[in-house]
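Asks: OK, TrEMBL features for this one:
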REPEAT    13-75  repeat 'FG-GAP'
REPEAT    76-131  repeat 'FG-GAP'
REPEAT    132-191  repeat 'FG-GAP'
DOMAIN    176-336  domain 'Integrin alpha first immunoglubulin-like'
DOMAIN    338-503  domain 'Integrin alpha second immunoglobulin-like'
DOMAIN    509-715  domain 'Integrin alpha third immunoglobulin-like'
TRANSMEM  725-749  transmembrane segment
Amino acid sequence: VVLLKRDMKSAHLLPEYIFDGEGLASSFGYDVAVVDLNADGWQDIVIGAPQYFDRDGEVGGAVYVYINQQGKWSNVKPIRLNGTKDSMFGISVKNIGDINQDGYPDIAVGAPYDDLGKVFIYHGSPTGIITKPTQVLEGTSPYFGYSIAGNMDLDRNSYPDLAVGSLSDSVTIFRSRPVINILKTITVTPNRIDLRQKSMCGSPSGICLKVKACFEYTAKPSGYNPPISILGILEAEKERRKSGLSSRVQFRNQGSEPKYTQELTLNRQKQRACMEETLWLQENIRDKLRPIPITASVEIQEPSSRRRVNSLPEVLPILNSNEAKTVQTDVHFLKEGCGDDNVCNSNLKLEYKFGTREGNQDKFSYLPIQKGIPELVLKDQKDIALEITVTNSPSDPRNPRKDGDDAHEAKLIATFPDTLTYSAYRELRAFPEKQLSCVANQNGSQADCELGNPFKRNSSVTFYLILSTTEVTFDTTDLDINLKLETTSNQDNLAPITAKAKVVIELLLSVSGVAKPSQVYFGGTVVGEQAMKSEDEVGSLIEYEFRVINLGKPLKNLGTATLNIQWPKEISNGKWLLYLMKVESKGLEQIVCEPHNEINYLKLKESHNSRKKRDLPEKQIDDSRKFSLFPERKYQTLNCSVNVRCVNIRCPLRGLDSKASLVLRSRLWNSTFLEEYSKLNYLDILLRASIDVTAAAQNIKLPHAGTQVRVTVFPSKTVAQYSGVAWWIILLAVLAGILMLALLVFLLWKVQRFSPVSSRREHGSIQAGLVQEELRIVHLVLKV
């Protein structure tokens, strides 16, 4: 597009400035309009490029607006208005005058290939142009908007009208509607709500507000003064109701919806009309801090009959779209516990501690801290507790007016991970009064705890949130609970807090063991290893039974528990001690213990008898050996850590659910005990077993689960060693016998001397019997 300037000397038109388009074949300059969009006295230029396209932006047609910089164009960057794809936006561009009478001319842009065709109206402004179309006219005939004519007043109402052409045989006339501005004012009496001041006004709460709204209109030209019918609308808490909250007020006799309407007539410009209604405050409202917004708005009503102007019906005016549609006033509450400026600056603070609940009782204990993070060791408990303390005290005691005011509608929102669900709450202590109330959502993933309304200055509350751990799995390593304090008072530092805890799964595995029998004997003769063919030839049978109990979560998805048995295979010189014959299980899958070759190492023939009693010939005791009345007891303990070589038998407990048992069938190696321990009175063999778990998870904790089994081994009587009787014992026995005999003879003599003659004969036979008994006793003593 070339801007030409007339040469005053030659009267020729000379190029002044050239406007270049952005793309080739965009039809830049197909139509051009000259209009002073910003009303600065300098004409601006609008250029259409209907075939401009941008593949990435789905653009089809463009209009470039150049704002005149006091006659200079070199530094002007155009404003581009884009049309939709294949719409031929910009094929017609026209100055249509100031259709809204705001002092800034407007333009119209045609897009004949946008559906059936459209015309876009753009308003001028102090900055040049409003890039968003204020109106879009849609046609009913094909290619509507192919041509446009404007800036003409057809009905003589002082507003320019618009004619739009198409490729059909008709033209569409759009008459401009007068644009009016309606001034809206609203007053409320009283302008503040004092909850302590109640009256007999008909409200259930005893508190009423008188709301008055007044309206008047202005328009251009000033001679435009028809009466206008409007509908006045009063609404309270419109945005609050949109968010799903119930309103705190209602208009008298208007039901629960806080909305009141009334028809009014504005007879001429600047003549006021008013409406008035009473607003009731609801009972037991919670939000006493945020003000109650009341808005006033209007709608133009169509009159019952219209007058005709120049054989055309009068068009209704329209509200100025650049003016605010509503006016609002806020009614504040008189706030107690706030600053002198009636602003509440609270200082809510939160602290938390993790704990566990002891059984079903309301007793809690804190979790241990590991590296600054609480560690939750899950055993069989079903619940954990989060202790929360909330305070509202001044941050600086030297400046108590800075903050710490009443916290209105104070509450805590706790959001739990999928592994925890809300169960209940318990209030521990509160000052100065108890106001706590917690409610959870349907699935228990969030709890909303009301702390107080208001939560007053210097208040504090400590309570427990009891959470169920039934969804905690072996894959759970951390617990993150989001804690967020909220209040309608002023407090900027209420950032959410994440309560963190580490989860450790403690397996409740235990093992116990017993030996059957727990006392065995050795004896007989020494038999070499090569000569043994069956287990009966080895020695006494010992069956070790280990019982594993799982009181916690099943181990199916965790890993495998293994029973480790320190098996006392041989003594330090390599001789057999206990010979392991067989391993059997109950409550498990097929057991395979390692190392497998340690089970029946010599491949001996199994015996189905549980025990074989040895018939050993009694050995005659040598009378020449001396016997000690209090002999020294000789014994020894055999265990893996001192004098026995042990083999670690590992038995995986696959399929362990709640309980299982393993039985290790073994034989005492009789020959070893005859050769090494025949001089001892008895021996103790200690066998130790423990459980470990192989798991991929790093948070599995297994406390020591082990046991110790003792078997006592005695030599049989034929192997026992005795010593002879000492000479001084024999001497003492003889002397004692003689002394007892002398005393007995003396007593009998006394009895015979003092008894009557008749009695002596009766007792003669008794005396003879006593003497014989005495002689037998002496004989026994001497024999010993």
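Cβ from N, Cα, C; glycine included.
Automated prediction, rather than curation, is the source of TrEMBL annotations.
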Asks: Taking every residue in the domain 'Integrin alpha third immunoglobulin-like' (509-715), what is their average pLDDT?
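Replies: The average pLDDT of the model in the domain 'Integrin alpha third immunoglobulin-like' (509-715) works out to 83.
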Asks: Do you know the DSSP helix, strand and coil residue counts for the repeat 'FG-GAP' (76-131)?
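Replies: Going through the repeat 'FG-GAP' (76-131) residue by residue, I get 0 helix, 29 strand, 27 coil.
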Asks: If you run through the repeat 'FG-GAP' (13-75) with DSSP, how many residues end up as helix, strand and coil?
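Replies: For the repeat 'FG-GAP' (13-75), the helix, strand and coil counts are 0 helix, 32 strand, 31 coil.
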Asks: Run through the repeat 'FG-GAP' (132-191) and tell me, per DSSP, how many residues are helix, strand and coil.
Replies: 0 helix, 30 strand, 30 coil
